[in-house]
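The next block holds one structure in the form of structure tokens; read it before the comments.
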Amino acid sequence: MIKIAAAGGGTGGHLYPLLAILETLAKRVDVKVLFFAVKGKIDERVVRKDHPEFETVSIDVRGLLRPLHHPKNLWRTLKIGIATIEVKKHLKRFKPDLVVLTGGYISGVVGLAAKDLGIPIFVHEQNVVPGLAVKVLSQYAKKVFVSFERTRNYLREWQDKIVVTGCPVRETEKEAPLKDFVLVLGGSLGSEAINELMEKVYPELQETQFVHSTGSDDWTKRLSAFPNVTALTYIDPMGAYWKKAIASISRAGASTIAEMMYYGVPGILIPWESSAESHQLENALEAERLGYGIVIRENEASPRKIIESIDKVVKKGKIEKMKENPASKISEEILGEIM
């Protein structure tokens, strides 16, 4: 039995790769998991639903605002300190053999608490440009797993710890009830901009079938009016739909790009320009460089440009699916270090 403490939440981009790692580890060895979730965020809801066997602890913490000298960060820093004390109490009680972290502010809290208690730390960075938590925790980690080779350039001091693995993807046996459609995603919370844009595109492409994850019941009702659109408020499991998609339109969050690359689906990427450290833009440009997508800046996105790009990616056809899920390599590395 291996006891694992884990954190990586606030958004689906941090959460789903972490669940992929934990689920893969659980297939190989007996595990007991203590999961630290951000109170009121997606990880709290999804983990309790998908993994009731995990012990899930909700922590009331928020990340630091940018720029870092923002006046509200004084209060947030105090809350981070209080949260770290709370996390330490749980870690002392649970006595984990290791900690697995995938970024986000909750990872910073759990990672620093684990460091103080001498618990081995393993970190995964999904984005091309590492976030603040991963930059800080890399110095204490036994291994730093990264999705892209280029990420090494941002963690030069810790080259001996870095393992390029790709970004883990959750597996599923389920399959969507449709096939040969363009998958439209706005991220785990939906995207108003993508929803509004596609509402103008759908009447022009009535021969093309779309599945659109809207992020809200109102948008689901609104977009369901188009006969060529299957509108869903939330898609779960995502893999069931990626398997059957012929192309995609999405933001450029790390887990979305990971699924796109894993299932070999060419995509149109509209990065969210306000993402921290320009994560999404850098992710999108790297995916485009590797031949997986077309990048359209949000301020340049128009119905006509989307229609032209859909034609290009559909004609490109599906790319060969990855032979191995990065979660497998990460699991092997972790088990090799602790067993």
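Including glycine, each Cβ sits where the backbone N, Cα and C put it.
Annotation source Swiss-Prot lists UDP-N-acetyl-alpha-D-glucosamine binding site at Thr11, Gly12, Gly13, Asn127, Arg170, Ser188, Ile235, Gln280, citing sequence analysis. In the three-state DSSP assignment, the secondary structure recorded for Thr11 (UDP-N-acetyl-alpha-D-glucosamine binding site) is coil.
Residue environment of Ile235 (UDP-N-acetyl-alpha-D-glucosamine binding site) contains 18 other Cβ atoms, counted within 10 Å of its Cβ in all protein chains. The most crowded of the binding-site residues listed here (Gly12, Gly13) is Gly13, judged by how many other CB atoms sit within 10 Å of its own CB.
The DSSP secondary structure for Gln280 (UDP-N-acetyl-alpha-D-glucosamine binding site) is helix.
Take the CB of Asn127 (UDP-N-acetyl-alpha-D-glucosamine binding site) and look out to 10 A: across all protein chains shown you find 30 other CB atoms.
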